[in-house]
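A.B. asks: Questions regarding the structure given below will be posed in turn.
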Amino acid sequence: MSNEIVPVDPIFEEEPKTNKKPIIAQEEEEESKGVTRSLTYGESSSSGSGGYVSEVFNSERLPPTLASEIQKFLRVANMLEWKAPRVAYHCRFHAFEIAHNMDRNSTGRGVRQFKTLLLERLERDEEITKTTRQESSDLRELKYVYDENRRYITQHTGAFDLENSHGEKLIDACRIASVLYEVLKTLSAGPQALADRDSVQDKPELFAYNILPLDHGGIQQAIMKFPEIKAAILVVRNVRGLPSAQNFQKRGAFLDLFEFLQYSFGFQKESVANQREHLVLLLANVFIRQPQKQSSASKPVDAAIDELMRKFFKNYTNWCKFLGRKSNIRLPCVKQDAQQYKILYIGLYLLIWGEAANLRLMPECLCYIFHHEAEKNKSGTADHSTWRNYDDLNEFFWSPDCFQIGWPMRQEHDFFCTQSPKKRKAKIFRTAREKRKEKRTEDEEQGLNDQVTLEENREPKWLGKTNFVEIRSFWQVFRSFDRMWSFFILSLQAMIIMACHDVGSPLQVFEAVILEDIMSVFITSAILKLIQAILDIIFTWKARNTMELSQKRRLVLRLAFAVIWSIVLPVVYAHSRRKYTCYSGQYGSWLGEWCYSSFMVAAAIYLMTNAVDLVLFFVPAVSKYIEISNCRMCRTISRWTQPRLYVGRGMQETQISLFKYTFFWILVLSTKLVFSYSFEIKPLIAPTRLIMKIGVQTYDWHELFPKVRSNAGAIVAVWAPIIVVYFMDTQIWYSVYCTVCGGLYGILHHLGEIRTLGMLRSRFHSLPSAFNLCLIPPLSKKGKNSRTKSFFQNIFCKASKSEVLDQKFVLVWNQIISAFRSEDLISNREMDLMMIPTSGLFPGIICWPIFLLANKFSTALSIARDFVGKDKKLNKKIRKDEFMYFALKECYESVKYILEILIVGDLEKRVVSSIVNEIEQSIKESSFLQDFKMSELPALQGKFVELLELLVEGNENQYGKVVEVLQDIFELVTNDMMANGHRILDLIESSQQPVHDFTVFSRRIEPQLFESAASKTSVYFPLPDNGPLNEQIKRLHLLLTVKDKAMDIPANLEARRRISFFATSLFMGMPSAPEVRSMLSFSVITPHYMEDINFSMKELQSSKGQVSIIFYMQMIFPDEWKNFLERMGYQSLNELIEDGKEEEIRNWASFRGQTLSRTVRGMMYYREALKLQALLEKPENKDIHEDAIERNNPKLTAELDALADMKFTYVISCQMFGSQNSSGDRRAEDIKDLMRRYPALRVAYIEEKEEIVGDKHQKAYSSILAKAVGNFDQVIYRIKLPGPPIIGEGKPENQNHAIIFTRGEALQTIDMNQDNYFEEALKVRNLLQEFLQNHGRRPPTILGLREHIFTGSVSSLAWFMSYQETSFVTIGQRLLANPLRVRFHYGHPDIFDRLFHITRGGISKASKTINLSEDVFAGFNSILRRGCITYHEYLQVGKGRDVGLNQISKFEAKVANGNSEQTLSRDIHRLGRQFDFFRMLSCYFTTIGFYFSSLISVLGIYVFLYGQLYLVLSGLQKTLLVEARMQNIESLETALASQSFIQLGLLTGLPMVMEIGLEKGFLTALKDFVLMQLQLAAVFFTFSLGTKTHYYGRTIMHGGAKYIPTGRKVVVFHASFTENYRLYSRSHFVKGFELLLLLVVYDLFRRSYQSNMAYVLITYSVWFMTITWLFAPFLFNPSGFDWDKIVDDWKGWNKWIKEQGGIGIQQDKSWQSWWNDEQAHLRRSGYGARLLEILLSIRFFLYQYGLVYHLDISQQSKNFLVYVLSWVVILAVFLTVKAVNIGRQLFSANYHLMFRFFKAFLFLSVFAIVITLSVICELSLKDVIVCCLAFLPTGWGLILVAQAVRPLIENTGFWHLTEVLAQAYDYGMGSVLFAPVAILAWLPIISAFQTRFLFNRAFNRHLQIQPILAGKKKQT
């Protein structure tokens, strides 16, 4: 092709050929023909020249290594394929050259295939495209196309402000011109080949920018015309005084300060562009809120910059003060230079933060980097204790030792050592020494030479953990909340002492003897402090290398003091007991004589250390000063109390907040202690004394300690459950008080005041005024920060005196109703009934929406028809109902208005005018009832309805019918109704001419009234197509015809809920709305991994044995499906599919699932709301408002879009989008479709591609931000990352990489299973104003929001889950925020103070495993860094939850795992230590305390049952009941009742009932609660309790916490028996069988001496728990009792249990694989956890020891030999099982008959032995049963022990035997579970009953559930 390259020809001056059309014109012509561009292979179209077939080449699915460089050429080639095929060929050829140069050997993934396809295409097009060329050479062809596009760019540069179509063409022209510029550069002979080639390069931002086109090409865009944007740009571009650009080898001057920073520090170009836009937007948004003083224009700018400086560097300055270092932020004295320096510092920090990648999670590390850069500018699965997480690395920078790293950082420093020096190679040391030599000079300059010299001769060592070590132990709970446990332990001791002394009055406590005994609690306190000191040393041992010397000294001193007091106090107590010095008090004193001893004095001295803490508690301001002060004395005081850390200081609240939560906890603790003393401890003293008196001489077993006569075992068995419940029941009392206080708070804040349609109608008249108060910015600036009026002021707000609805309210209301219609929540008729007319035809009349006026006209008609009396009384009666009065008045005026237009004849007009005058005169004279007969009103109404129907139809052929109806109306009024109707008839007669000729009888000459003659028309029909007129006719028709049914509009329950909540929220306290221009800007970020974006048609129609998704949606949302069909204009699904409406079907279904598209639609409502509110603030009249809403004003629309862009940004962090796009995954196309549908949407993703460096492949990672430009996705920023970004937990890392692309001062985190609503989006600017108001001591840093769970509408489980979640996110969080002040971040949709959090570690923590519940750690971090978290209920966001039992259980397991990791975390530890006592209680019981209390409650059941088992089997219980006559112990009953309170879900049930009562009414709440119990809610909550406790306890002991994907599918499906067994075997079934065994054994051996009623009272809750844990999964399994599915389940179960496992075999395919996976947590366990597991397993051996002595064969022998012989039997059983297994291996394959004989021999042998024993040794059937009960637990215990010691026996035969036994046990347990389920499946009524209680809510809504469960697809 080189021979075609020619010198520059004057092509641009040539006249175009007459037979050749311009390229742009061709494009427009083709678009008019409907030509579409396809991006898939095989689609083509024929061109007009030479038979060339145009076929696009796939430009989207490209190799990752090449896509970024060649995609634009291939896209342009596809765009030019139909217009200029030869140019398209050259673009592809250029792309091929680039690809070949990038990877000549085609070693990249997919490169070889791509190059082959492209080369084949080029070879095919080489010659054929020449025939389509219109110029003489290729170069001329390229130049012509380039010139056409360049000319179009020049002519339409400002098209963005005009029309979207022109803007898109301009974008395409820029894209084409830019690509052709590069192609021409390659083809041309020299640099002079292309004239004016820079013209395109000047305008690249027209299609490659994010929000601000910061280039001359974008200056015409609306957003660039805002004065605040201009001011911000001027500030950033102030380069005066900077060093010369030539010093940095740059041509030309610096464009702005960011370019200077780029060349100074080497930041990435696109990162600089990203942060430049970031800072400009921040400056603009802060600047516009500053007071605009005319005296000095620079003052607002300076104030804005100062505000940003404070926010960005607050953490940095605090860090410098903490470390005693001087800040490197130094400003010059000259004011203008200081402004420039501030921008440079902010810009430097943003650029460091923008490229910090994972270091963004380490805020103090960023401070360190900024500190030195500013100075330079001036001049996993392992145990947590064995690796350093983000917190460890960051906290290293809390110590001055961090400065030893130097700058640049010395990589040989110990900080960078990741392993033991012994494992490091010598080569690494040599490299380190070389680096030390190179950096010695720099270190000397920084004063670090001494340290380096000392360190040169030593090996680097691993520093270990920093400040804290996450050790798996339940002791962490005590260590973090030691003050709480000490309080409970000491209180328990004191109450036991008081009960022993029979204290009946509080004054008795002051008696010397009692007081001295009570004060012995201080000995216990000293011992507890000793334990705490020891734990502190043990648990921080691995952090000793990074621990400061002062902290080590503190730990040793605390241990020493604890040891001293632990010795002194007991010794003094022993020597001074009962030795008093007494003094007599004054006469009448309540103390009387008071005495003291030396022990009391010692105790008083011991308490003096707590006196200081007590004083500081009541003066939080002083306490805060001491903690945050840097003076030496304050540091010394704070170091002694707690280790001095950078976080956790100064968290104290105000005095008022302190009083509120202190008072709350005093109430809770007082109630708890009084209850425990009265009903748990005191009643137990008398039985304890009896037990101690009785001496047990004989036992029913071999007593191991026969000489012990104190009955200690019996005392422990009785007291242990009480003690366990004592430590648990505070959670119950907290729940009770939470319910009461949360309810009162909700009532005071007007929650649920409008909860029904009736309430809405009654309060609708006050909505406009409330709307104006809340959502319309106040006219005066004084009111900007004020709160709304109180409820009582709002409730009496009336309409304005002009009796006209505010036009702004009308527009907003109609937009809300339109949004309902677009979401298919209401039908077209419902929309007409709910809309408010905007025409304003009748001044002085309020035109209420018709759903408020339903039946009002008919009612008024009935009243008037039957009324007897005077006009005034009738008028008064009608006016009493405001809506009725306005309905009548509007109907009357509407009739006048319509008749005035309809009737055009002169006579007819006079007639109508006369009738109207008669009516109005009668009303004026109050003679209407005398002048008109009311009995004919219904007939008149019917005629008018008939007339209106004809007018609406507008059919010309119905003209005669219209005339006839008008004549009927005339006759009815004049003849039947009017008393003086003859006047009207006289008027008609007088208007007629006298008769002179026969022709007067002709109809043609003398028409009747309302008829038309040849020369004139009396009736104007059809009416003109006038919008307001047609609207009024429809409205009048509805007013006359709507009946009682309209009172239930909207019929959709979701629409009712939303409109009611919106109305209620207008009366709740919220800040006044600022103008959109002045509001805080914010962003929304949504992390996305692999979840569904949109349902595909294949997914929607595929059933896979179940029902299809689309069928499910039609059944669940029948009304919305009907509305959707109405909106689309079709009758059925098939019609939609046949007409190509698949995309609409996909969207409708996806918007009802938990999909990303639903979330995006909801979040983009923010943008729509802001545009509407900005429109309402325009000074223009309402016409421009309506035009803009209808999008008829492009200029205004562009301005609104720009303002919305400046205030709102939405970023989806699609982690896998890059790989999905390159692999052709449909989800990538769905994401692109979202970007095209919402142009303001931004997608951030991680690009992973291979780079070839020296023939080696290296992975390169980049953070990319993309948007839709035209039909393609366009990369805006590509910021290269230093390494893989996902090294911690996936979700927080995904958020972290995308956070640099967010904008604004606030950031909302939204998960992809959430939704938003248009009416709620209207309140977001009010919410953001909360950041500007103090809540207590400080403004909030996180705003908590209310959530509505939208997945609870069908099944009972979904209903339970939604109510449980709702109670937590409403009444629970309401109390946490105020008064307890311990609300944290519990996930989405909270709004963060973005600048606060990006400078303090981000919006979540990401360390692997420990931060599994990453969201809550953001709340911990915010509070620890002196933040404030609030909760606001006037705005709600939708949220989806799991709906099936298996999904719910996985979610509960995930949350329990997260809470167990929180228990080990440093954040919880620091909060527990640094909070004051009562706030610490709040923190505990609202975080890990709930799960720990649940664990204790279940543990209490085991303690009780094993205690009873010990008493029964040992014979102690019989002795106690017979000899001591001890019947039921009340304390045990109280304890079990307390436990059942938690078990049955009442902890969440009480708040749930209260919240339902507030929002739906207490009668509804009571009904719902009863209905929930009938639908087995108690079973569900009991089962969930087992899930929580299992995973919480196991994870603390062994670890293994991981993210558990629950899935968010919508179809209700049947889970197989195998799946249920896999999920619940160890968490529920095993524990259920253990409880069952305990109950059976207890029942067998207690019958002879205990009443049945006592047994039932004590054990009913345990039986309930047992049955629930065993059978709930089958009870809540859809079609769980269907016989066909039962048969399939049994076959699948047998196949699974027998399938061999191995590598690659998933656990759902084989029992062996599952069994090995179930032990994964043990493989990671330490020796301590394994030992604890073995100790816990010993309990299973108790059965055997106790039961063998109760066998008849033992003949009541108590010899230990009986127990030994029982082990011989077990050994024989094991050997038999082993023999069968060996026989199966040896004979089953080749000698099957021999194997059968062998099994028969073994069976007969066992049978013979049993017969022999029964004859000789009196072995009974009961003995066989008891043996089973004894030996089965022993076998299971041996299996557990073997699993714990697996590393020791794995390679021996014992392990294989263990596996065989475990398989047998699992098969046996599965069979026992399956049997009752199969039996019940025989009974058809059981299946029907299950379906009813499982889907009762669906039946109540008349939904069709049976077809769904049957899996039969219904014909649509």
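Sequential numbering from 1, following the chain as shown.
Note that Cβ sites are derived from N, Cα and C of the backbone, with glycine treated the same way.
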A.B. asks: For which of the residue intervals 341-362, 1727-1748 does TrEMBL record transmembrane segment?
C.D. replies: 1727-1748
A.B. asks: May I ask you to indicate which of 886-903, 1570-1587 is given in TrEMBL as transmembrane segment?
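C.D. replies: Spelled out, TrEMBL records transmembrane segment over residues 1570-1587, not the other listed ranges.
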A.B. asks: For the transmembrane segment (1570-1587), which recorded stretch in the set 519-543, 734-752, 1657-1676, 1727-1748, 1760-1777 gives the largest number of Cβ pairs separated by under 8 Å?
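C.D. replies: Answer is 1657-1676, with the largest number of Cβ pairs below 8 Å.
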A.B. asks: Please report, as numbers and ranges, the same-chain residues at least 6 past the borders of the transmembrane segment (1865-1889) whose CB is under 8 Å from any CB of it.
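C.D. replies: Distant contacts of the transmembrane segment (1865-1889): 1617, 1621, 1625, 1629-1630, 1633, 1670-1671, 1674, 1679-1683, 1686, 1689-1690, 1693, 1697, 1711, 1715, 1835-1836, 1839.
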A.B. asks: I need to check the long-range neighbours of the transmembrane segment (1727-1748): which residues 6 or more away from its ends have a CB within less than 8 Å of a CB in the stretch?
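C.D. replies: The answer is 472-473, 701, 1506, 1509-1510, 1513-1514, 1597-1598, 1637, 1641, 1754, 1762-1763, 1765-1766, 1770, 1826-1827, 1829-1831, 1833-1834, 1836-1837, 1840-1841, 1843-1845.
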A.B. asks: What stretch, picked from 596-619, 1483-1505, 1540-1558, 1760-1777, has the most CB pairs under 8 A with the transmembrane segment (1657-1676)?
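C.D. replies: Looking at each of 596-619, 1483-1505, 1540-1558, 1760-1777 in turn, the most contacts to the transmembrane segment (1657-1676) are made by 1540-1558.
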A.B. asks: Might you confirm whether the transmembrane segment (658-679) is in contact with the transmembrane segment (734-752), defined here as three or more C-beta pairs under 8 A between residues 6 or more apart in sequence?
C.D. replies: yes
A.B. asks: Where does the mean pLDDT land for the domain '1,3-beta-glucan synthase component FKS1-like' (340-410)?
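C.D. replies: Per the prediction, mean pLDDT sits at 84 for the domain '1,3-beta-glucan synthase component FKS1-like' (340-410).
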A.B. asks: Are there residues at least 6 beyond the ends of the transmembrane segment (1760-1777) whose Cβ is under 8 Å from a Cβ of it, and what are they?
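C.D. replies: Here the qualifying positions are 702, 1744-1745, 1748-1749, 1754, 1802, 1806, 1827, 1830-1831, 1834-1835, 1857, 1860-1861, 1864.
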A.B. asks: Within the domain '1,3-beta-glucan synthase component FKS1-like' (340-410), how many residues are helix, strand or coil going by DSSP?
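C.D. replies: Per DSSP, the residues of the domain '1,3-beta-glucan synthase component FKS1-like' (340-410) fall into 54 helix, 0 strand, 17 coil.
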